[in-house]
Every structure is written in C-alpha cells, then in structure tokens.
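Have a look at the structure below before the remarks.
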Amino acid sequence: MKGSSEHGETSKAAPLGRGGVSKGVSVLDLILRFIAIIGTLASAIAMGTTNETLPFFTQFIRFKAQYSDLPTLTFFVVANSIVCAYLILSLPLSIVHIIRSRAKYSRLLLIFLDAAMLALVTAGASAAAAIVYLAHKGNVRANWLAICQQFDSFCERISGSLIGSFGAMVMLILLILLSAIALARR
C-alpha cells in the first residue's frame, strides 16, 4: 500500500491553534450577544405596546387591558430594557476579545455582569410568566377570573413576548459558559 506521503503529497490542513479557537469563541460570543439583544428588545417592545379595548354595552363604556395595569409586566419591560442596553454596551468588549483574545480581566468582568443580567432577565420573565398563567387559567381560590377568554389578543401578545425573554436567558447562559471556557483555557 502506498500512502499519500509517498507521492510527495502533504496535508495542507494544519491543526487549529489556541489563537484560532479563542478567536472562534470570541466571534460566537459576539453572535450570541446580537441574538440576545434581538430577543430582549423584541420582548420589551411586544410587551410595552400591548393593549386591548373591549366595548361594554355601548361604545362609551369600555374595558381596557394594557401591560401597565400590572406592575409585574412593567417590571418585565424594564428588566428586558436594562438587559438589552447592557448587551448593546457590552458589544465593544466583545469586539475587543475578537481582536485580543488574550484579554483576561475584561472577560472576567463580562462573566460577572452577564450573570447579573441573567438574574435580572430571569426574574422579569418568571414574574411575567406567573401573571400570564393567571391570565390564562385564573385562580379559583383567590377568586381571580381568567381574562384571556375576553382579552384574547392581549393574552397572545403577552404570552408571545415571553419567548424572546426566555431565549435571551439561554443566550446569556451560553455566554457565561463560553467566557468561562475561554478563561479556563488560559
């Protein structure tokens, strides 16, 4: 049997060095930040623009539901807005990590801040999810009626806005793991 090296052929593919892997991790970090920005921004906008009005007997008497009626949903909008602003402000550091993949202290700072933002977006999304559940199911013991039978488009929008927020939670978890892996390789 003749191997490819007997014919003078050599492999052109060199193994990927640490610099290439670190740069790849930094590029993935930047991409995940953009995805998380989109998720938190979409969630904040979807929830912040949610309202529905129902006529009651006449056109002069109406029932209205909007996100600002419930402080929990207001907290959800504020939490997603803060996390979105943080993610936008963290983009330059993420770009620095692509250029200088050896930056250690800035990556450590991002781990702590990403963890704090993960806690904030988790608190906002969890609180809003509880209210969305009550809006759909109600609570017989507390005599809270489900409102989604009447305000169906309101409930669809507040339920849909949770998707982006929970997606951003996953992205932040991945960002923390990526940064930890990048630091552990040093």
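The backbone N, Cα and C atoms fix where each Cβ goes, and this holds for glycine too.
The topological domains that Swiss-Prot gives for THR50 and ALA184 carry different names, which places them on opposite sides of the membrane. Mean predicted confidence for the topological domain 'Cytoplasmic' (1-26): the pLDDT average there is 56. Within its own chain, the transmembrane segment (27-47) has Cβ neighbours under 8 Å at 67, 73, 76-77, 80-81, 83-84, 87-88, 90-91, 94-95, 97-98, 121, 128, 157-158, 160-165, 167-168, 171-172, 174-175, 178-179, 182, counting only residues six or more beyond its boundaries.
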